[in-house]
(Lines of atoms letter the chains of each structure in order from A and count residues from 1; the text may use other names and numbers.)
(Lines give C-alpha, C1' and ligand atoms only; values in the text may rest on other atoms or scores of the structure.)
Protein backbone atom coordinates (compact mmCIF):
# COMPACT_ATOMS: atom_id res chain seq x y z
CA UNK A 1 0.00 0.00 0.00
CA UNK A 2 2.85 2.38 0.82
CA UNK A 3 4.45 1.64 -2.55
CA UNK A 4 1.11 2.39 -4.24
CA UNK A 5 0.88 5.75 -2.45
CA UNK A 6 4.37 6.68 -3.60
CA UNK A 7 3.54 5.88 -7.22
CA UNK A 8 0.30 7.91 -7.02
CA UNK A 9 2.24 10.88 -5.63
CA UNK A 10 4.86 10.60 -8.39
CA UNK A 11 2.10 10.36 -11.03
CA UNK A 12 0.43 13.52 -9.70
CA UNK A 13 3.75 15.40 -9.68
CA UNK A 14 4.50 14.47 -13.27
CA UNK A 15 1.05 15.42 -14.52
CA UNK A 16 0.78 18.70 -12.63
CA UNK A 17 -0.14 21.37 -15.17
CA UNK A 18 2.44 23.95 -14.26
CA UNK A 19 0.31 26.84 -13.04
CA UNK A 20 0.10 27.31 -9.29
CA UNK A 21 3.41 25.47 -8.92
CA UNK A 22 6.35 27.80 -8.66
CA UNK A 23 10.07 27.80 -8.53
CA UNK A 24 10.98 26.98 -4.93
CA UNK A 25 12.23 30.12 -3.21
CA UNK A 26 10.04 32.57 -5.16
CA UNK A 27 7.69 34.68 -3.10
CA UNK A 28 5.07 37.42 -3.57
CA UNK A 29 6.16 41.05 -3.40
CA UNK A 30 4.05 43.14 -1.05
CA UNK A 31 3.34 46.74 -2.07
CA UNK A 32 1.74 49.27 0.26
CA UNK A 33 -0.68 51.81 -1.23
CA UNK A 34 1.40 54.59 -2.77
CA UNK A 35 4.54 52.46 -3.32
CA UNK A 36 6.24 52.96 -6.68
CA UNK A 37 5.84 50.23 -9.29
CA UNK A 38 8.47 50.23 -12.03
CA UNK A 39 7.67 48.89 -15.46
CA UNK A 40 10.49 47.23 -17.38
CA UNK A 41 10.85 46.75 -21.12
CA UNK A 42 12.12 43.70 -22.98
CA UNK A 43 13.29 43.28 -26.57
CA UNK A 44 10.70 43.91 -29.27
CA UNK A 45 9.92 40.68 -31.12
CA UNK A 46 8.15 39.47 -34.24
CA UNK A 47 7.13 36.05 -35.49
CA UNK A 48 7.71 37.36 -39.01
CA UNK A 49 11.48 37.77 -38.65
CA UNK A 50 12.43 35.98 -35.40
CA UNK A 51 14.99 38.79 -34.92
CA UNK A 52 14.64 40.57 -31.54
CA UNK A 53 15.71 44.22 -31.28
CA UNK A 54 16.27 46.56 -28.37
CA UNK A 55 13.23 48.53 -27.21
CA UNK A 56 15.20 51.76 -27.46
CA UNK A 57 16.20 51.08 -31.07
CA UNK A 58 12.91 52.86 -31.87
CA UNK A 59 12.20 56.53 -31.01
CA UNK A 60 10.47 55.75 -27.70
CA UNK A 61 10.67 57.74 -24.47
CA UNK A 62 13.72 57.06 -22.31
CA UNK A 63 13.76 57.22 -18.49
CA UNK A 64 15.09 60.39 -16.87
CA UNK A 65 17.78 58.50 -14.97
CA UNK A 66 19.04 56.91 -18.19
CA UNK A 67 18.69 53.44 -19.66
CA UNK A 68 19.94 50.70 -17.34
CA UNK A 69 20.10 46.97 -17.88
CA UNK A 70 18.36 44.80 -15.32
CA UNK A 71 20.08 41.82 -13.77
CA UNK A 72 20.09 39.07 -16.38
CA UNK A 73 21.13 35.44 -16.24
CA UNK A 74 23.01 33.54 -18.89
CA UNK A 75 19.84 31.98 -20.29
CA UNK A 76 18.18 35.38 -20.87
CA UNK A 77 21.16 36.63 -22.85
CA UNK A 78 21.29 33.50 -24.98
CA UNK A 79 17.54 33.77 -25.68
CA UNK A 80 17.93 37.38 -26.87
CA UNK A 81 16.12 39.01 -23.92
CA UNK A 82 17.31 42.53 -23.07
CA UNK A 83 15.39 43.72 -20.02
CA UNK A 84 15.82 47.43 -19.27
CA UNK A 85 14.15 50.11 -17.18
CA UNK A 86 11.40 52.29 -18.64
CA UNK A 87 9.92 55.74 -18.00
CA UNK A 88 6.56 54.26 -16.93
CA UNK A 89 5.95 54.78 -13.20
CA UNK A 90 2.88 53.64 -11.28
CA UNK A 91 1.84 54.10 -7.65
CA UNK A 92 0.15 51.15 -6.00
CA UNK A 93 -3.64 51.47 -6.03
CA UNK A 94 -3.46 55.02 -7.38
CA UNK A 95 -5.38 55.54 -10.61
CA UNK A 96 -3.90 58.07 -12.99
CA UNK A 97 -5.10 59.36 -16.35
CA UNK A 98 -3.74 61.73 -19.02
CA UNK A 99 -0.14 61.21 -17.88
CA UNK A 100 2.33 62.91 -20.21
CA UNK A 101 5.41 60.80 -20.88
CA UNK A 102 7.52 62.67 -23.42
CA UNK A 103 7.67 64.21 -26.84
CA UNK A 104 10.18 62.61 -29.19
CA UNK A 105 12.56 64.55 -31.37
CA UNK A 106 11.33 65.25 -34.90
CA UNK A 107 11.58 61.97 -36.79
CA UNK A 108 14.68 61.79 -38.93
CA UNK A 109 14.68 59.96 -42.24
CA UNK A 110 16.31 56.93 -40.58
CA UNK A 111 13.86 56.89 -37.64
CA UNK A 112 10.92 57.20 -40.02
CA UNK A 113 12.22 54.37 -42.19
CA UNK A 114 12.95 51.99 -39.28
CA UNK A 115 9.57 52.72 -37.65
CA UNK A 116 7.73 51.90 -40.87
CA UNK A 117 9.79 48.75 -41.28
CA UNK A 118 9.04 47.52 -37.75
CA UNK A 119 5.32 48.17 -38.28
CA UNK A 120 5.38 46.23 -41.57
CA UNK A 121 7.16 43.34 -39.82
CA UNK A 122 4.50 43.27 -37.06
CA UNK A 123 6.86 43.84 -34.14
CA UNK A 124 5.44 43.60 -30.64
CA UNK A 125 6.48 45.75 -27.66
CA UNK A 126 7.00 43.67 -24.49
CA UNK A 127 6.51 45.30 -21.08
CA UNK A 128 7.03 43.69 -17.67
CA UNK A 129 5.56 44.62 -14.26
CA UNK A 130 6.54 42.64 -11.17
CA UNK A 131 7.84 39.88 -13.46
CA UNK A 132 4.49 39.66 -15.32
CA UNK A 133 4.51 40.38 -19.08
CA UNK A 134 1.85 42.79 -20.30
CA UNK A 135 -1.07 40.88 -21.79
CA UNK A 136 -3.48 42.18 -24.42
CA UNK A 137 -6.96 40.83 -25.16
CA UNK A 138 -8.59 41.03 -28.58
CA UNK A 139 -11.97 39.77 -29.73
CA UNK A 140 -12.30 37.82 -32.95
CA UNK A 141 -15.44 36.04 -34.13
CA UNK A 142 -16.89 36.10 -30.62
CA UNK A 143 -13.77 34.65 -28.99
CA UNK A 144 -11.25 36.45 -26.79
CA UNK A 145 -7.64 35.99 -27.85
CA UNK A 146 -4.67 36.59 -25.56
CA UNK A 147 -1.44 38.19 -26.72
CA UNK A 148 1.68 39.16 -24.86
CA UNK A 149 2.76 42.71 -25.63
CA UNK A 150 1.21 45.15 -28.08
CA UNK A 151 2.08 46.09 -31.69
CA UNK A 152 4.36 49.04 -32.42
CA UNK A 153 1.79 50.41 -34.85
CA UNK A 154 -0.49 49.55 -37.71
CA UNK A 155 -0.71 50.26 -41.42
CA UNK A 156 -4.07 51.45 -42.72
CA UNK A 157 -4.20 51.78 -46.49
CA UNK A 158 -0.95 53.65 -47.28
CA UNK A 159 -0.57 55.47 -43.95
CA UNK A 160 1.38 54.25 -40.92
CA UNK A 161 0.02 54.88 -37.42
CA UNK A 162 1.89 54.44 -34.15
CA UNK A 163 0.35 53.44 -30.82
CA UNK A 164 1.42 56.36 -28.64
CA UNK A 165 -1.07 56.05 -25.77
CA UNK A 166 -1.24 53.03 -23.48
CA UNK A 167 -4.10 52.18 -21.18
CA UNK A 168 -2.82 49.96 -18.38
CA UNK A 169 -4.90 47.88 -16.01
CA UNK A 170 -3.11 46.41 -12.99
CA UNK A 171 -4.92 43.61 -11.16
CA UNK A 172 -4.05 43.42 -7.46
CA UNK A 173 -4.90 41.04 -4.65
CA UNK A 174 -4.81 41.94 -0.97
CA UNK A 175 -1.72 40.57 0.73
CA UNK A 176 -2.86 37.81 3.07
CA UNK A 177 -0.56 37.65 6.07
CA UNK A 178 -0.90 34.52 8.10
CA UNK A 179 -1.66 35.02 11.78
CA UNK A 180 1.66 33.56 12.80
CA UNK A 181 3.00 33.62 16.32
CA UNK A 182 6.16 32.23 17.76
CA UNK A 183 6.68 30.91 21.21
CA UNK A 184 9.37 32.45 23.39
CA UNK A 185 10.55 30.67 26.51
CA UNK A 186 9.67 27.22 27.76
CA UNK A 187 7.05 25.51 29.85
CA UNK A 188 4.27 27.59 31.41
CA UNK A 189 6.24 30.79 30.89
CA UNK A 190 5.76 30.75 27.12
CA UNK A 191 5.05 34.19 25.69
CA UNK A 192 3.14 34.58 22.45
CA UNK A 193 4.57 37.34 20.22
CA UNK A 194 2.87 38.09 16.87
CA UNK A 195 5.31 38.36 14.00
CA UNK A 196 3.17 40.35 11.59
CA UNK A 197 3.08 43.58 13.53
CA UNK A 198 -0.16 45.48 13.71
CA UNK A 199 -2.74 43.29 11.99
CA UNK A 200 -5.30 46.08 11.94
CA UNK A 201 -3.30 48.45 9.77
CA UNK A 202 -5.31 50.98 7.76
CA UNK A 203 -2.75 50.77 4.95
CA UNK A 204 -2.93 47.15 3.71
CA UNK A 205 -0.46 45.62 1.30
CA UNK A 206 -1.27 44.34 -2.18
CA UNK A 207 0.26 41.88 -4.66
CA UNK A 208 0.30 42.33 -8.43
CA UNK A 209 -1.62 39.44 -10.01
CA UNK A 210 -2.33 40.81 -13.49
CA UNK A 211 -0.96 43.33 -15.99
CA UNK A 212 -3.08 44.25 -19.02
CA UNK A 213 -2.50 46.84 -21.72
CA UNK A 214 -4.69 48.43 -24.40
CA UNK A 215 -2.76 50.38 -27.10
CA UNK A 216 -4.32 53.42 -28.73
CA UNK A 217 -3.31 55.87 -31.43
CA UNK A 218 -4.09 59.42 -30.29
CA UNK A 219 -3.43 62.62 -32.23
CA UNK A 220 -1.86 64.96 -29.67
CA UNK A 221 -1.19 68.65 -29.95
CA UNK A 222 2.60 68.95 -29.96
CA UNK A 223 2.52 72.67 -29.11
CA UNK A 224 0.50 72.16 -25.92
CA UNK A 225 3.16 69.91 -24.31
CA UNK A 226 6.23 72.08 -24.86
CA UNK A 227 6.48 73.09 -21.20
CA UNK A 228 5.40 69.76 -19.71
CA UNK A 229 7.78 67.50 -17.86
CA UNK A 230 7.68 63.71 -17.70
CA UNK A 231 4.72 62.41 -15.65
CA UNK A 232 2.92 65.77 -15.68
CA UNK A 233 -0.81 66.00 -16.34
CA UNK A 234 -1.76 66.28 -20.02
CA UNK A 235 -3.79 69.49 -20.51
CA UNK A 236 -6.81 67.90 -22.22
CA UNK A 237 -8.83 64.74 -21.70
CA UNK A 238 -7.72 61.62 -23.60
CA UNK A 239 -10.23 59.02 -24.71
CA UNK A 240 -8.61 55.71 -25.60
CA UNK A 241 -10.47 53.91 -28.39
CA UNK A 242 -8.52 50.87 -29.68
CA UNK A 243 -10.80 50.55 -32.73
CA UNK A 244 -9.65 53.86 -34.27
CA UNK A 245 -6.23 55.25 -35.16
CA UNK A 246 -5.32 58.92 -35.37
CA UNK A 247 -1.54 59.38 -34.97
CA UNK A 248 0.20 59.01 -38.35
CA UNK A 249 3.99 59.07 -38.44
CA UNK A 250 5.57 61.70 -40.64
CA UNK A 251 9.10 62.85 -41.33
CA UNK A 252 10.41 65.77 -39.27
CA UNK A 253 7.41 65.63 -36.94
CA UNK A 254 7.61 64.55 -33.28
CA UNK A 255 5.48 61.92 -31.53
CA UNK A 256 3.84 62.64 -28.17
CA UNK A 257 3.55 59.66 -25.80
CA UNK A 258 1.02 59.42 -22.95
CA UNK A 259 -0.49 56.72 -20.76
CA UNK A 260 -3.10 56.03 -18.10
CA UNK A 261 -3.29 53.38 -15.40
CA UNK A 262 -6.09 51.97 -13.30
CA UNK A 263 -5.98 49.42 -10.48
CA UNK A 264 -8.58 46.73 -9.95
CA UNK A 265 -8.86 44.35 -7.02
CA UNK A 266 -9.05 40.77 -8.27
CA UNK A 267 -9.94 37.36 -6.83
CA UNK A 268 -6.88 35.90 -8.54
CA UNK A 269 -4.40 34.68 -5.95
CA UNK A 270 -0.69 35.09 -6.34
CA UNK A 271 0.14 31.39 -7.12
CA UNK A 272 -2.43 31.49 -9.95
CA UNK A 273 -1.44 34.75 -11.58
CA UNK A 274 0.31 32.98 -14.48
CA UNK A 275 -2.86 31.09 -15.45
CA UNK A 276 -3.78 33.71 -18.05
CA UNK A 277 -0.46 33.12 -19.84
CA UNK A 278 -0.42 29.34 -19.55
CA UNK A 279 -4.02 28.77 -20.66
CA UNK A 280 -3.37 29.84 -24.23
CA UNK A 281 -5.54 28.74 -27.13
CA UNK A 282 -5.24 25.12 -28.22
CA UNK A 283 -4.49 23.71 -24.77
CA UNK A 284 -7.39 21.21 -24.92
CA UNK A 285 -6.24 20.01 -28.33
CA UNK A 286 -2.74 19.71 -26.89
CA UNK A 287 -3.78 17.45 -24.03
CA UNK A 288 -6.10 15.31 -26.15
CA UNK A 289 -3.46 14.85 -28.87
CA UNK A 290 -0.75 13.93 -26.39
CA UNK A 291 -2.93 11.36 -24.63
CA UNK A 292 -3.98 9.86 -27.96
CA UNK A 293 -0.37 9.66 -29.11
CA UNK A 294 0.78 8.10 -25.86
CA UNK A 295 -1.86 5.37 -25.95
CA UNK A 296 -1.24 4.45 -29.60
CA UNK A 297 2.55 4.39 -29.30
CA UNK A 298 2.44 2.48 -26.00
CA UNK A 299 0.22 -0.15 -27.64
CA UNK A 300 2.51 -0.49 -30.67
CA UNK A 301 5.65 -0.60 -28.55
CA UNK A 302 4.09 -3.28 -26.36
CA UNK A 303 3.29 -5.45 -29.37
CA UNK A 304 6.82 -5.12 -30.73
CA UNK A 305 8.32 -5.94 -27.36
CA UNK A 306 6.15 -9.03 -26.81
CA UNK A 307 6.78 -10.44 -30.29
CA UNK A 308 10.48 -9.78 -30.02
CA UNK A 309 10.90 -11.37 -26.58
CA UNK A 310 8.85 -14.42 -27.58
CA UNK A 311 10.98 -14.94 -30.70
CA UNK A 312 14.29 -14.74 -28.85
CA UNK A 313 13.05 -16.84 -25.95
CA UNK A 314 11.78 -19.60 -28.28
CA UNK A 315 15.12 -19.59 -30.12
CA UNK A 316 17.11 -19.97 -26.89
CA UNK A 317 14.73 -22.47 -25.28
CA UNK A 318 14.84 -24.71 -28.36
CA UNK A 319 18.64 -24.83 -28.20
CA UNK A 320 18.84 -25.42 -24.43
CA UNK A 321 16.42 -28.37 -24.55
CA UNK A 322 18.69 -30.36 -26.90
CA UNK A 323 21.13 -32.88 -25.47
CA UNK A 324 24.86 -32.61 -26.12
CA UNK A 325 24.85 -34.95 -29.14
CA UNK A 326 22.00 -33.03 -30.73
CA UNK A 327 23.78 -29.74 -29.96
CA UNK A 328 26.95 -31.00 -31.65
CA UNK A 329 24.93 -32.02 -34.70
CA UNK A 330 23.12 -28.69 -34.64
CA UNK A 331 26.43 -26.81 -34.49
CA UNK A 332 27.29 -28.33 -37.85
CA UNK A 333 24.03 -27.04 -39.31
CA UNK A 334 24.03 -23.62 -37.73
CA UNK A 335 22.40 -20.75 -39.55
CA UNK A 336 21.55 -17.16 -38.86
CA UNK A 337 23.00 -15.30 -35.90
CA UNK A 338 24.72 -18.42 -34.44
CA UNK A 339 27.19 -18.36 -37.34
CA UNK A 340 28.49 -14.95 -36.24
CA UNK A 341 29.99 -16.14 -32.98
CA UNK A 342 33.52 -15.32 -34.20
CA UNK A 343 32.68 -11.97 -35.79
CA UNK A 344 29.85 -10.34 -33.83
CA UNK A 345 32.25 -8.43 -31.56
CA UNK A 346 34.72 -7.49 -34.28
CA UNK A 347 35.74 -3.83 -33.87
CA UNK A 348 33.74 -1.48 -36.11
CA UNK A 349 35.25 1.00 -38.53
CA UNK A 350 35.96 4.45 -37.03
CA UNK A 351 35.65 2.99 -33.53
CA UNK A 352 37.00 6.11 -31.82
CA UNK A 353 34.38 8.31 -33.53
CA UNK A 354 31.63 5.93 -32.41
CA UNK A 355 32.91 6.08 -28.81
CA UNK A 356 33.01 9.89 -28.91
CA UNK A 357 29.46 10.11 -30.28
CA UNK A 358 28.17 7.66 -27.67
CA UNK A 359 29.83 9.70 -24.91
CA UNK A 360 28.27 12.91 -26.23
CA UNK A 361 24.91 11.18 -26.56
CA UNK A 362 24.99 10.09 -22.91
CA UNK A 363 25.82 13.67 -21.91
CA UNK A 364 22.98 15.20 -23.97
CA UNK A 365 20.44 12.58 -22.94
CA UNK A 366 21.32 12.97 -19.27
CA UNK A 367 21.08 16.76 -19.55
CA UNK A 368 17.66 16.51 -21.21
CA UNK A 369 16.24 14.07 -18.65
CA UNK A 370 17.46 16.03 -15.62
CA UNK A 371 16.35 19.39 -17.05
CA UNK A 372 12.87 18.17 -17.98
CA UNK A 373 12.50 16.43 -14.61
CA UNK A 374 13.34 19.63 -12.72
CA UNK A 375 11.02 21.63 -14.98
CA UNK A 376 8.18 19.13 -14.46
CA UNK A 377 8.59 19.48 -10.69
CA UNK A 378 8.31 23.27 -10.94
CA UNK A 379 11.95 24.25 -10.47
CA UNK A 380 12.04 26.02 -13.86
CA UNK A 381 8.78 27.94 -14.02
CA UNK A 382 8.03 30.18 -17.02
CA UNK A 383 8.00 33.01 -14.46
CA UNK A 384 11.77 32.68 -14.19
CA UNK A 385 13.04 33.75 -17.60
CA UNK A 386 16.22 32.06 -18.75
CA UNK A 387 16.38 29.43 -16.00
CA UNK A 388 15.61 26.60 -18.43
CA UNK A 389 18.54 27.44 -20.74
CA UNK A 390 20.83 28.18 -17.78
CA UNK A 391 19.93 24.83 -16.21
CA UNK A 392 20.59 23.01 -19.48
CA UNK A 393 24.09 24.52 -19.71
CA UNK A 394 24.84 23.72 -16.07
CA UNK A 395 23.69 20.10 -16.30
CA UNK A 396 25.48 19.61 -19.62
CA UNK A 397 28.81 20.76 -18.16
CA UNK A 398 28.46 18.60 -15.04
CA UNK A 399 27.57 15.53 -17.09
CA UNK A 400 30.88 15.86 -18.94
CA UNK A 401 32.09 13.31 -16.37
CA UNK A 402 29.59 10.77 -17.74
CA UNK A 403 30.60 11.54 -21.34
CA UNK A 404 34.29 10.94 -20.68
CA UNK A 405 33.65 7.81 -18.62
CA UNK A 406 31.34 6.13 -21.17
CA UNK A 407 33.46 7.10 -24.20
CA UNK A 408 36.74 5.81 -22.70
CA UNK A 409 35.27 2.65 -21.22
CA UNK A 410 33.64 1.76 -24.54
CA UNK A 411 36.95 2.50 -26.26
CA UNK A 412 38.75 0.12 -23.91
CA UNK A 413 36.05 -2.52 -24.40
CA UNK A 414 36.43 -2.38 -28.18
CA UNK A 415 40.21 -2.50 -27.77
CA UNK A 416 39.97 -5.47 -25.38
CA UNK A 417 41.27 -3.51 -22.40
CA UNK A 418 43.97 -1.45 -24.12
CA UNK A 419 44.68 1.78 -22.17
CA UNK A 420 46.36 3.59 -25.04
CA UNK A 421 44.55 6.57 -26.53
CA UNK A 422 42.11 7.26 -23.69
CA UNK A 423 43.30 10.87 -23.34
CA UNK A 424 42.70 11.47 -27.05
CA UNK A 425 39.23 9.93 -26.84
CA UNK A 426 38.40 12.10 -23.80
CA UNK A 427 39.55 15.27 -25.58
CA UNK A 428 37.48 14.48 -28.64
CA UNK A 429 34.44 13.69 -26.47
CA UNK A 430 34.87 17.08 -24.76
CA UNK A 431 35.13 18.96 -28.06
CA UNK A 432 32.95 17.09 -30.58
CA UNK A 433 29.42 18.38 -29.98
CA UNK A 434 30.41 21.69 -28.30
CA UNK A 435 32.74 22.40 -31.23
CA UNK A 436 29.97 21.85 -33.79
CA UNK A 437 27.59 23.95 -31.67
CA UNK A 438 30.08 26.83 -31.46
CA UNK A 439 30.67 26.67 -35.20
CA UNK A 440 26.93 26.91 -35.95
CA UNK A 441 26.30 29.59 -33.31
CA UNK A 442 29.26 31.70 -34.48
CA UNK A 443 28.03 31.60 -38.08
CA UNK A 444 24.52 32.57 -37.04
CA UNK A 445 25.88 35.20 -34.68
CA UNK A 446 27.59 37.02 -37.54
CA UNK A 447 24.21 37.23 -39.26
CA UNK A 448 22.61 38.59 -36.07
CA UNK A 449 25.43 41.11 -35.57
CA UNK A 450 24.97 42.29 -39.13
CA UNK A 451 21.25 42.79 -38.43
CA UNK A 452 21.98 44.66 -35.13
CA UNK A 453 19.67 42.24 -33.32
CA UNK A 454 19.66 41.70 -29.56
CA UNK A 455 19.57 37.99 -30.38
CA UNK A 456 23.29 38.23 -31.14
CA UNK A 457 25.48 36.84 -28.39
CA UNK A 458 27.76 39.64 -27.10
CA UNK A 459 31.50 39.08 -27.49
CA UNK A 460 31.96 39.09 -23.71
CA UNK A 461 29.39 36.30 -23.40
CA UNK A 462 31.22 34.35 -26.10
CA UNK A 463 34.37 34.58 -23.98
CA UNK A 464 32.43 33.40 -20.91
CA UNK A 465 31.01 30.41 -22.81
CA UNK A 466 34.47 29.43 -24.06
CA UNK A 467 35.84 29.70 -20.52
CA UNK A 468 33.00 27.54 -19.20
CA UNK A 469 33.76 25.02 -21.93
CA UNK A 470 37.52 24.76 -21.42
CA UNK A 471 37.66 25.46 -17.68
CA UNK A 472 34.75 23.31 -16.51
CA UNK A 473 33.37 20.99 -19.20
CA UNK A 474 36.69 19.81 -20.65
CA UNK A 475 38.36 19.08 -17.25
CA UNK A 476 35.27 17.21 -16.06
CA UNK A 477 35.26 15.13 -19.25
CA UNK A 478 38.95 14.31 -18.77
CA UNK A 479 38.25 13.30 -15.18
CA UNK A 480 35.47 11.04 -16.40
CA UNK A 481 37.84 9.60 -18.99
CA UNK A 482 40.39 8.90 -16.26
CA UNK A 483 37.84 6.92 -14.25
CA UNK A 484 36.78 5.15 -17.45
CA UNK A 485 40.39 4.12 -18.07
CA UNK A 486 40.67 2.77 -14.52
CA UNK A 487 37.35 0.90 -14.65
CA UNK A 488 37.42 -2.72 -15.87
CA UNK A 489 36.43 -3.09 -19.49
CA UNK A 490 33.48 -5.25 -20.49
CA UNK A 491 34.57 -8.81 -21.31
CA UNK A 492 33.22 -10.35 -24.52
CA UNK A 493 31.52 -13.76 -24.04
CA UNK A 494 33.07 -15.16 -27.25
CA UNK A 495 36.36 -14.85 -29.07
CA UNK A 496 36.78 -13.01 -32.35
CA UNK A 497 38.34 -14.80 -35.34
CA UNK A 498 41.31 -13.24 -37.08
CA UNK A 499 39.76 -13.53 -40.55
CA UNK A 500 36.41 -11.72 -40.91
CA UNK A 501 33.47 -13.69 -42.20
CA UNK A 502 32.05 -12.72 -45.58
CA UNK A 503 28.61 -11.17 -45.37
CA UNK A 504 26.13 -12.82 -47.75
CA UNK A 505 24.48 -10.71 -50.43
CA UNK A 506 21.31 -9.11 -49.11
CA UNK A 507 17.99 -8.92 -50.93
CA UNK A 508 17.53 -5.30 -49.87
CA UNK A 509 19.96 -2.54 -48.77
CA UNK A 510 20.40 -2.76 -45.02
CA UNK A 511 20.76 1.02 -44.68
CA UNK A 512 17.33 1.50 -46.23
CA UNK A 513 15.82 -0.50 -43.38
CA UNK A 514 17.90 1.46 -40.86
CA UNK A 515 16.66 4.80 -42.18
CA UNK A 516 13.06 3.61 -42.19
CA UNK A 517 13.32 2.51 -38.56
CA UNK A 518 13.18 6.14 -37.40
CA UNK A 519 9.49 6.47 -38.29
CA UNK A 520 8.25 4.77 -35.10
CA UNK A 521 10.26 7.00 -32.69
CA UNK A 522 9.17 10.02 -34.74
CA UNK A 523 5.55 8.98 -34.28
CA UNK A 524 6.12 9.13 -30.53
CA UNK A 525 7.00 12.79 -30.42
CA UNK A 526 5.76 14.54 -33.55
CA UNK A 527 2.62 15.96 -31.86
CA UNK A 528 4.62 17.27 -28.92
CA UNK A 529 7.16 18.57 -31.40
CA UNK A 530 4.50 20.86 -32.90
CA UNK A 531 3.87 22.55 -29.55
CA UNK A 532 7.58 22.85 -28.81
CA UNK A 533 8.18 24.48 -32.19
CA UNK A 534 5.23 26.81 -31.62
CA UNK A 535 6.61 27.93 -28.27
CA UNK A 536 10.06 28.58 -29.76
CA UNK A 537 9.05 30.31 -32.99
CA UNK A 538 5.51 31.60 -32.36
CA UNK A 539 6.10 33.19 -28.96
CA UNK A 540 3.81 30.86 -27.00
CA UNK A 541 4.47 29.76 -23.43
CA UNK A 542 5.40 26.09 -23.06
CA UNK A 543 4.64 24.66 -19.64
CA UNK A 544 3.47 21.01 -19.87
CA UNK A 545 6.84 19.56 -18.89
CA UNK A 546 5.11 16.63 -17.17
CA UNK A 547 3.81 15.40 -20.52
CA UNK A 548 7.17 16.10 -22.11
CA UNK A 549 8.84 13.89 -19.51
CA UNK A 550 6.43 11.05 -20.27
CA UNK A 551 6.95 11.47 -24.01
CA UNK A 552 10.72 11.41 -23.52
CA UNK A 553 10.62 8.23 -21.45
CA UNK A 554 8.41 6.60 -24.08
CA UNK A 555 10.78 7.80 -26.81
CA UNK A 556 13.72 6.12 -25.05
CA UNK A 557 11.77 2.85 -24.79
CA UNK A 558 10.72 2.91 -28.45
CA UNK A 559 14.26 3.78 -29.63
CA UNK A 560 15.65 0.83 -27.65
CA UNK A 561 13.04 -1.55 -29.06
CA UNK A 562 13.51 -0.41 -32.67
CA UNK A 563 17.27 -0.77 -32.44
CA UNK A 564 17.02 -4.22 -30.83
CA UNK A 565 14.70 -5.50 -33.55
CA UNK A 566 16.89 -4.11 -36.35
CA UNK A 567 20.04 -5.56 -34.78
CA UNK A 568 18.44 -8.99 -34.45
CA UNK A 569 17.25 -8.87 -38.05
CA UNK A 570 20.77 -8.05 -39.27
CA UNK A 571 22.29 -10.85 -37.21
CA UNK A 572 19.74 -13.33 -38.59
CA UNK A 573 20.89 -12.57 -42.15
CA UNK A 574 24.55 -13.05 -41.04
CA UNK A 575 25.40 -9.33 -41.11
CA UNK A 576 27.85 -8.82 -38.23
CA UNK A 577 28.37 -5.08 -38.86
CA UNK A 578 25.72 -4.06 -36.35
CA UNK A 579 27.59 -1.34 -34.41
CA UNK A 580 26.89 1.72 -36.54
CA UNK A 581 23.56 0.37 -37.78
CA UNK A 582 22.23 0.04 -34.24
CA UNK A 583 23.22 3.68 -33.63
CA UNK A 584 21.52 5.04 -36.74
CA UNK A 585 18.46 2.75 -36.47
CA UNK A 586 17.14 4.93 -33.64
CA UNK A 587 19.22 8.00 -34.50
CA UNK A 588 17.55 8.23 -37.92
CA UNK A 589 14.57 9.84 -36.16
CA UNK A 590 16.59 13.06 -36.47
CA UNK A 591 16.16 12.96 -40.27
CA UNK A 592 12.38 12.97 -39.92
CA UNK A 593 12.53 15.76 -37.33
CA UNK A 594 14.59 17.88 -39.73
CA UNK A 595 12.13 17.19 -42.54
CA UNK A 596 9.32 18.15 -40.17
CA UNK A 597 11.18 21.37 -39.36
CA UNK A 598 11.30 22.24 -43.06
CA UNK A 599 7.59 21.42 -43.33
CA UNK A 600 6.89 23.69 -40.33
CA UNK A 601 8.89 26.48 -41.97
CA UNK A 602 6.95 26.24 -45.22
CA UNK A 603 3.41 25.78 -43.94
CA UNK A 604 3.33 27.23 -40.39
CA UNK A 605 5.88 30.03 -40.69
CA UNK A 606 4.66 31.31 -44.04
CA UNK A 607 5.13 34.91 -42.94
CA UNK A 608 8.80 34.37 -42.04
CA UNK A 609 10.51 37.01 -44.16
CA UNK A 610 14.07 37.39 -45.38
CA UNK A 611 16.97 35.00 -45.95
CA UNK A 612 18.50 35.87 -42.55
CA UNK A 613 15.41 34.65 -40.67
CA UNK A 614 15.24 31.43 -42.71
CA UNK A 615 18.96 30.79 -42.20
CA UNK A 616 18.61 31.30 -38.45
CA UNK A 617 15.68 28.91 -38.34
CA UNK A 618 17.49 26.19 -40.30
CA UNK A 619 20.72 26.69 -38.33
CA UNK A 620 19.05 26.28 -34.94
CA UNK A 621 17.01 23.35 -36.28
CA UNK A 622 20.18 21.64 -37.49
CA UNK A 623 21.77 22.03 -34.05
CA UNK A 624 18.67 20.60 -32.36
CA UNK A 625 18.53 17.68 -34.81
CA UNK A 626 22.20 16.83 -34.22
CA UNK A 627 21.63 16.72 -30.45
CA UNK A 628 18.58 14.49 -30.90
CA UNK A 629 20.50 12.16 -33.22
CA UNK A 630 23.31 11.71 -30.68
CA UNK A 631 20.88 11.11 -27.80
CA UNK A 632 18.54 8.67 -29.56
CA UNK A 633 21.41 6.90 -31.35
CA UNK A 634 23.11 6.35 -28.01
CA UNK A 635 19.98 4.74 -26.60
CA UNK A 636 19.79 2.40 -29.60
CA UNK A 637 23.47 1.44 -29.52
CA UNK A 638 23.66 0.77 -25.78
CA UNK A 639 20.50 -1.35 -25.82
CA UNK A 640 21.79 -3.31 -28.83
CA UNK A 641 25.20 -3.81 -27.23
CA UNK A 642 23.55 -5.17 -24.09
CA UNK A 643 21.31 -7.43 -26.18
CA UNK A 644 24.14 -8.87 -28.30
CA UNK A 645 26.29 -9.43 -25.20
CA UNK A 646 23.37 -11.14 -23.42
CA UNK A 647 22.43 -13.23 -26.47
CA UNK A 648 25.89 -14.69 -27.09
CA UNK A 649 26.61 -15.22 -23.40
CA UNK A 650 23.37 -17.22 -23.05
CA UNK A 651 24.33 -19.81 -25.66
CA UNK A 652 27.70 -21.54 -25.48
CA UNK A 653 28.94 -22.48 -28.93
CA UNK A 654 32.20 -24.30 -29.65
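Using N, Cα and C of the backbone, Cβ positions are placed for all residues, glycine too.
Going by TrEMBL, these are the annotated features:
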- 1-20: signal peptide (SIGNAL)
- 287-309: transmembrane segment (TRANSMEM)
- 353-380: transmembrane segment (TRANSMEM)
- 386-408: transmembrane segment (TRANSMEM)
- 429-449: transmembrane segment (TRANSMEM)
- 461-485: transmembrane segment (TRANSMEM)
- 511-537: transmembrane segment (TRANSMEM)
- 543-566: transmembrane segment (TRANSMEM)
- 578-602: transmembrane segment (TRANSMEM)
- 622-648: transmembrane segment (TRANSMEM)
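With pairs at least 6 apart in sequence, the transmembrane segment (511-537) and the transmembrane segment (353-380) have fewer than 3 Cβ pairs within the 8 Å limit; the two do not touch. Only pairs six or more apart in sequence are counted, and the transmembrane segment (429-449) with the transmembrane segment (511-537) gives fewer than three Cβ pairs under 8 Å, not enough to call it a contact.
For the transmembrane segment (578-602), the partner stretch with the highest count of Cβ pairs under 8 angstroms, out of 511-537, 543-566, 622-648, is 622-648. When each of 386-408, 461-485, 543-566, 622-648 is scored by its Cβ pairs under 8 Å to the transmembrane segment (511-537), the top-ranked stretch turns out to be 543-566.
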